Every structure is written in structure tokens, then in C-alpha cells.
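Novice: Supplied in C-alpha cells, the structure appears directly below.
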Amino acid sequence: MIGAFKRNRGSSQSFAKECQPSTLKANLEVAKELPFSDRRDFEDATQGYIGSLSDEQIIGPDGGVVWCMKSYGFLEPETPANTVNPSLWRQAQLNAIHGLFKITDNVYQVRGLDISNMTIIEGNTSLIIIDTLFTTETAQESLKLYYRHRPQKPVRTVIYTHSHSDHYGGVKGIVKEADVKSGEVQIIAPVGFMESVVAENILAGNAMHRRSQYQFGMLLSPSVKGHVDCGIGKAASHGTVTLIAPTIIIEEPVEERTIDGVDFVFQLAPGSEAPSEMLIYMPQQRVLNMAEDVTHHMHNLYALRGVEVRDGNQWAKYIDAARVAFGSKTDVLIAQHHWPTTGQMRINELLKKQRDMYKFIHDQTLRLLNQGYTSRDIAETLRMPSSLEQEWSTRGYYGTLSHNVKAVYQKYLGWYDANPANLNPLPPVAYAKKAVEYMGGADAVLARAYKDFQKGEFRWVASVVNQLVFADPNNHQARELCADALEQLGYQAEASTWRNAYLVGAMELRQGVPKRRSTGKRNNIAVLNNEMFFDFLAVRLNATKAEGKIIVSNWCFINSNERFVITLENCALTYIQGWQTDADATITLKRTTFEALLANEITMVDFLRSKEVEIEGNRLRIEELLKLFDDFDQSFPVVEPMGGST
């Protein structure tokens, strides 16, 4: 899942500093250790190229830039910049290759026009689209690019491989919702798709969107000192994210369907890269689509934006099941990120090494935690076997061995390391103030931290000086030194996600947090069923404001004729289907009107005055209830305490 935030271009590079000698040394060592002479990935990434956008950018209806690849022209030199890890530089170059590509007869991909790929299959009379990119603008332009080179068959089928927004967000750019409702267009998705969308993008959506700014570097300008890549793709487009609910659900572990003359075998892979995911084999074309379960890097078992931990053991089994079932019958392996792999020997080798990578991380973490090591101990000491470490396809550009180890630990043992000293620590600000006091005060800490910074001990400096920031966010020397340390860590990071997080943290320490209020997610809210809708509403209930209140109301939605009893009691909002005769009030409304209120498109006054809203009984109780819900702030602080600096 990726949040749709516009990059604040030009704001980060002007404050950025040069790399320190120790950073330069570390990056030069990387250049010596890895097989940079192996150019097969570049050959694969350019094979089948047909054409691309002439000006390398996509402009939205408001005139804003939605996507711009030419901003990454600085990646053209073979020699990496000193401020970028050479391994990440190579991945960034590969992800900069963009356009329409032929995979095999009747199968095409648009790559590099968003963070994900669009796969286009030509049926007898129509097109079948696998994944619709992140935004409507990039999806629309990708389809236009295809039509410039291929027959203009209509899109009649959309397939979502999984429940992350960069794979469904552009759907309204290529099909109309009315055509889906009429049955003219079908949308196919794996079982649990909508539930996963709600859980990841709605219930915890605001926090994930904010954290996504760090993971994907959405506030950074493209430059050698700023944004260079996202590992899984170049960058997330910043346009319009939409969603149309699927009309057909794949429910069986392996399910075969024929769509407009094209045979498909769907293999469910729940709990792998997403809670709801499936792999796709096309026997006529001998193409295996591994969705996002096999890509050209180490993926996340835990995403830094926040997500349910993924099961590395099960993930490995899904990969092997696909290898056994389809490996000997596949000539081209594709995914919904990155470039294809051709030839059975190479395909099977890729599948085996990806399988073994996730299996190794899972099993070795469990071996060591069973010996009593903590997650941080294991992450610090475990190393990949040399047979995998020298493979480009297992390098950590998105996930890392370090945070994937911690994910496995969390999955089995949770956050607590069993040391009672860590059972109930002080909260961050109180801890920071006490720690600074014990260390002799801010000046003493800064004096030692400056010396350690010169030695290249950036991890320690960032950690200890961030305590100064939390103890006193107005300590500008501490903010600057912490930013400097984070920046050097970013310059050294092989993982795009780590680089982005470090550099966004440095930027916000220097410039503050860009302020923006949530405008809601109308498109996502609109596709929720009523139960999901009330779950989302309950998450926004402010318990402090609700203290001591008991409100019972009937809700009747005109569009669906469904009725619910909503109860506020004990600072919890619950619901059941039905009707309560002695409720405080009854509200009859079109759900779209309430969606507009939750998305901040209309005010409370407008809502209550709307002709589409009727209230019987105690109107004041409905007003009282609606005032209890929070409007989430998309700009909450991350590298400084809540409240921030003044």
C-alpha cells in the first residue's frame, strides 16, 4: 500500500550536505564486493521494448505533474554518485527503464510509468488488464501508450493480483464503474481482497500514509542527495487513487478460468506479500506471473510503513508450489514490479533462490530466537549465505535482512524480549529527559556526539542525539546533528526504503513537518460495505470526548434499505443489523451524503441541513454523536515528539 502524497520538489536538496569520508569509504567497499560486471538484468529489462512517452512525464487534469521520469536523468552515468550506495544506484538505473514492452505474443507490459507494472493480455475480442497501477492518470496514459502501438480492443476484464493500492488505484482510469455495475466489465480478485483493503488502507490508513512518506521518500526531490528509487519501482505517482470492488472472487487454492479465449490458472497465496494475493499462470502463452511474490530483490516480511507481518515460511511454500506446478512449462516469468526473466533454467534458478531466501530468514531467525537471542541480536549477526549474497535478485533494496529478521521475531514472539527491564519502560519524552539528565545534560551529550560523528559512528549518534530532540525539540544543535547522522546513514543505505526514511527524517529535523490535513479517502470509503463502514467510523471515535455518554441510534440507508442500531457506550461504538424502538433518534439518509462528511467534502452543518438526511427523535443526540469523531492529521511528527518544536 502506498499513500498518494505529492513530492515537495526542491525542498530537500538545498539543505543536503556532502558525504563524510567514512560514507565514501563504505560505498567504495560495496563497489568492490558485488558482481557489477553481470549485465543480464539490463538485457532483460530492455528486451521487447516498443516505445514510451515522448516527454517522459504525465500531467494531471489540474496541470500538476503526476509522473516524471526525466527528473531521474542524473542516474545515467555508470559511476555512482558518492552519496548513493553503488548497489542501489544499479537498481535505480534498472527501475528507470520505462515504456511498453512485448513479453510474448498477445502479452505486453507497461513498466516504469508508475511504481508498479500494468500487464496487458490480448483476448479474442477484448483486453484483460492485470493490475491498474497506482493512479488513474498513469493508468490512462499507459493504456494510451499501448493503443498507439496495438489494436484498440476494449478493456472487458481487470484482474487485481493483490490488495495493495499500487495494483488497483488506477482502475477508474481504464474502466468506468457504471460498466462494471452493468456487467460489461468484470473485475477478478483473490479471496479476502476487500477485507484486506479495508484493514490496510482504511482502518490504519492515516498512520500508514504518513509512514509511507518515509518509506517511499515522497517528500524528497529526485537527486543524488535525495530520492533515487523505491527499490520495488522508481517512485509512486501522485495522482488520483480509486477503487472498484471486484465482481468475481477466486476462492479455490488453484482455480482455472478461460477469459475471452485466454486460459488462466490462479494460485492463491494469502499471507505472502499481501494478506490477499494470487499468482497467475497462462498456459497458452507459457507465462508465469508471480504478482509480487517473486521480484528482483529481497521483499518485505514487514514494511516500514506498517503492516501485518508476513509469513516467510508460507511465502517460500507458495513460490515452490508455483515452481513445481509451472516451472517446467514456463518460458517467461513476469511480475507486477520489475522486469521479466526468460528461459526455463534461469526461471527455475530465480524461483529456487527466492524460495530459499525467505525460508532461510524464517528458519534461521527461529533457530536463534530459540537459543535466547533477541530480535536486535539476530538482526545484527545473521548473514545471508554466500550463494545468495552475491545474487542481485536477493539484495535488500526494499526489504532488508535486518528488518525482516525482526519481522519473523515479531510474528512468533511479539514486541517483548522477555527482559522485565523492558516490560514497561517510560514513554519516549519522559525517557529522553531522564536519559539526558543521566548523561550530564545536553551540552555534554552534544560534545561527545560531535566526536563520534567525525569517527563515522552515525548509528549511535542518530540514536543518542534523537534523545536530545525528544527531551527538547527546540534544541537546534541537536536537531541538526541528528539530521546530519541520519543523512549519512541514508547515503550508505543499500535499501531504498532505509535511504528514504533516513533522508526524510533528516529533512523534517531541518525544516519541520509539512502541514496537511486529511481530506479523506472518498473513493476507498465508497466501496466499503456497511459493516466495514461502521468499523471505520468506530476507529475515529474520540474516547475522551465520549466519556460517560450513552447514545443509541437507528441508521437506515436509503440506497441499500439496510438498517443498523448504532450504540455508543463505555467509549466504544458498536453496531448490529436491526431496529431498536426506544432509540434516542433515527436517521434516514443516503450513504453517499455521510461519505462526503467523513471525507471532509461537506461540513457538519451542511450534512445536518441536507435534504438527503432525515432525523426523527432527539436530533441533538445525533449532533452530539457526530461531534465525537476525530479528523486525522496526516502530518503528525515522527522524528520529534507530539507537539513538536515552537
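Using N, Cα and C of the backbone, Cβ positions are placed for all residues, glycine too.
Features from Swiss-Prot:
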MOD_RES   M1  N-acetylmethionine
BINDING   H162, H164, E273, E292  Zn(2+) 1 binding site
BINDING   D166, H167, E292, H337  Zn(2+) 2 binding site
Novice: By Cβ count within 10 Å, point out the most packed of the binding-site residues listed: D166, E273, E292.
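Specialist: Top count of Cβ atoms within 10 Å goes to D166.
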Novice: So if I draw a 10 Å sphere around the Cβ of H164 (Zn(2+) 1 binding site), how many other Cβ atoms end up inside it?
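Specialist: For H164 (Zn(2+) 1 binding site), the count of other Cβ atoms within 10 Å is 27.
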Novice: With H, G and I counted as helix, E and B as strand and the rest as coil, say where DSSP puts H162 (Zn(2+) 1 binding site).
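Specialist: Looking at the DSSP assignment, H162 (Zn(2+) 1 binding site) belongs to a strand.
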Novice: Please report how many Å separate the Cα atom of E292 (Zn(2+) 1 binding site) from that of H337 (Zn(2+) 2 binding site), as a whole number.
Specialist: 7
Novice: So how many other Cβ atoms are close to H162 (Zn(2+) 1 binding site), meaning within 10 Å of its Cβ?
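Specialist: Taking all protein chains shown, H162 (Zn(2+) 1 binding site) has 28 Cβ neighbours within 10 Å.
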Novice: Out of H167, H337, which of the binding-site residues has the smallest number of neighbouring Cβ atoms within 10 Å?
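Specialist: Result for the binding-site residues H167, H337: minimum number of other Cβ atoms within 10 Å at H337.
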Novice: Please list, in sequence order, every residue of the chain apart from D166, H167, E292, H337 whose Cβ lies within 8 Å of the Cβ centroid of the Zn(2+) 2 site.
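Specialist: After dropping the recorded site residues, what remains is I115, S116, N117, D131, T161, H162, H164, I232, G233, A291, Q336.
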Novice: What does DSSP assign H167 (Zn(2+) 2 binding site), in three states?
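Specialist: In three-state terms, H167 (Zn(2+) 2 binding site) counts as helix.
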Novice: Determine which residues of this chain, when H162, H164, E273, E292 are set aside, have a Cβ within 8 Å of the centroid of the Zn(2+) 1 site's Cβ atoms, and list them as they appear in the sequence.
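Specialist: The surrounding set, listed in chain order, is T161, S163, H167, S272, A274, E277, A291, D293, Q336.
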Novice: Pop the Cα-Cα gap between H164 (Zn(2+) 1 binding site) and H337 (Zn(2+) 2 binding site) into the table, whole Å please.
Specialist: 13
Novice: Rounded to the nearest Å, what's the C-alpha distance separating E273 (Zn(2+) 1 binding site) and H167 (Zn(2+) 2 binding site)? Just drop the number here, would you?
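Specialist: Rounded to the nearest whole number, the Cα-Cα distance is 13 Å.
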